[in-house]
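Novice: Got a structure here, written out as structure tokens. Questions coming.
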Amino acid sequence: ARIQIFLTFCKLTAILIIIVPGVIQLIKGQTQHFKDAFSGRNESIMGLPLAFYYGMYAYAGWFYLNFVTEEVENPEKTIPLAICISMAIVTTGYVLTNVAYFTTISAEELLLSKAVAVTFSERLLGNFSLAVPIFVALSCFGSMNGGVFAVSRLFYVASREGHLPEILSMIHIRKHTPLPAVIVLHPLTMIMLFSGDLYSLLNFLSFARWLFIGLAVAGLIYLRYKRPDMHRPFKVPIFIPALFSFTCLFVVALSLYSDPFSTGIGFIITLTGVPAYYLFIIWDKKPKWFRRMSDRITRTLQIILEVVPEEDCHK
């Protein structure tokens, strides 16, 4: 958590290093790259899903906070407040950063640049531009650290609910962190890196992500009417989740039509959850040899990783 705070500070510092010179350029009247900025672009609706995915990926940090609800003090108040404040900061920062880029770099040059922030800083900041790649690297590391911190909790809770192997629900005896759930991210990440194509990777991962986010929000709408007396720490007007869910599912359906190969891979990966569901949830009469083998593997990994069930760790 302390590392994440430090890296977030580095990220905001990097953004300010870009925004301030950009605002100065804007005051000087450097607006030539804003003229006809959207002319000559591909306006086909087929490109809409990928454009949405890029945009929603950039703003996707908001739902990571929901993964660590158990570790947040006073979540009923803290989580909505944190999401609202962070979204406002991110929106302002992203818009001003892009405005800063276009005061110095044309749209064509921006597309050709391998690192836009570095290209921008080299043109305006002189020798100080050497600091920008360092801040960008720290920013990327911060995003990775936050992602690992949050997503590992998803595996941890799924295992605790019996949806995944038991070992993933255990925590380290001294650090009290879900070590197995963190480690399991490594092979999954390595498999994704073999893809090599960032655009395809983003497309099929975004397909699965926004499909389930859309379904989850639709489920909340269903529960609002099916179980109106449930305890709800906070509520929002129904049209907000309805519009959000519709947007998610519409973009997912359109991406399946416009890029069937990449999104098809995401859909196939999603379907692997079906046999996992039957193996861990439905199949309750497992043979003795299967249970013995599973217990033996679990005990071996417990010894190697020094992990125990959460209730044992707090005794």
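Just so you know, glycine gets a Cβ as well, placed from its N, Cα and C.
Taken from TrEMBL, the feature transmembrane segment covers 5-27, 47-67, 79-102, 130-156, 177-195, 207-225, 237-257, 263-283.
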Novice: Contact between the transmembrane segment (177-195) and the transmembrane segment (207-225) is defined here as three or more C-beta pairs under 8 Å separated by at least 6 residues; is that satisfied?
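Specialist: Stretch pair does not touch.
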Novice: Could you check whether the transmembrane segment (237-257) and the transmembrane segment (130-156) come into contact, where contact means at least 3 Cβ pairs under 8 Å with the two residues of each pair 6 or more apart in sequence?
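Specialist: The transmembrane segment (130-156) and the transmembrane segment (237-257): touching, no.
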Novice: Do we see three or more Cβ pairs under 8 Å linking the transmembrane segment (47-67) and the transmembrane segment (130-156), pairs being at least 6 apart in sequence?
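Specialist: Between the transmembrane segment (130-156) and the transmembrane segment (47-67), which are separate recorded stretches, there is contact, as judged by 3 or more close Cβ pairs.
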Novice: Given pairs 6 or more apart, does the transmembrane segment (5-27) have at least three Cβ pairs under 8 Å with the transmembrane segment (263-283)?
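Specialist: In this chain the transmembrane segment (5-27) does not contact the transmembrane segment (263-283) - fewer than 3 Cβ pairs sit under 8 Å.
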Novice: Do at least three CB pairs under 8 A connect the transmembrane segment (79-102) and the transmembrane segment (130-156), leaving out pairs fewer than 6 apart in sequence?
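Specialist: No, since the transmembrane segment (130-156) and the transmembrane segment (79-102) share fewer than 3 Cβ pairs closer than 8 Å, they do not count as touching.
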Novice: Going along the chain, which residues at least six beyond the ends of the transmembrane segment (79-102) come within the CB cut-off of under 8 Å?
Specialist: 12, 15, 18-19, 21-23, 25-26, 33-34, 37, 58-59, 61-62, 65-66, 69, 72, 110, 116, 120, 234
